Amino acid sequence: MSDLLERLRERGWRLTAQRRVVAEVLDGDHVHYTADEVHARAVERLPEISRATVYNTLGELVSIGEVVEVSTDGRAKRYDPNAHHAHQHLICSRCGTIRDVHPLGDPLSDLPDAERFGFVVSQVEVTYRGLCPGCHS
Ligand SMILES: [Zn+2]
Ligand SMILES: [Zn+2]
């Protein structure tokens, strides 16, 4: 559970009506919306919210570390409120459904020293691809 709104309240982030709507749209599990999808959903709750406000708010949430940007397939960036729990992604190559998943091993320690080429690795992204139940049946 991302409980984004609760985290923002705890850190004293100024919750204007517009920021609140963006945070509400992003609240929940397995949420990975593009900026346009966040805007479309925000407009349902607050018709006057502009695209620019949504983009700015997303940028701020990313810069304070409460939302992470996820790049998939070279398509539009997605915004993920599950920023505090290391996870990887499972993506349906047909419909684009994305799930947060937690591999049993640690993907960083799974990389042998011989293949680190002297890098200090700070981040690992693993993407599992396939067809979701709705697409393979
Ligand atoms: Zn699918
Ligand atoms: Zn995620």
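Cβ atoms here come from the backbone N, Cα and C positions, even for glycine.
If you take the C-beta of Cys92 (Zn(2+) binding site) and look for same-chain residues 6 or more apart in sequence within under 8 angstroms, you find Ile98, Arg129, Gly130, Leu131, Cys132, Gly134, Cys135. If you look up TrEMBL, you'll see Cys92, Cys95, Cys132, Cys135 marked as Zn(2+) binding site.
In terms of local Cβ density within 10 Å, Cys132 ranks first among the binding-site residues Cys95, Cys132, Cys135. Apart from Cys92, Cys95, Cys132, Cys135, the residues listed for Zn(2+), the same chain places the Cβ atoms of Ser93, Arg94, Gly96, Thr97, Leu131, Pro133, Gly134, His136 within 8 Å of the centroid of those Cβ atoms. Proximity of the binding-site residues (Cys92, Cys95, Cys132, Cys135) to ligand 2: a Cβ under 6 Å from the molecule is found for none of them.
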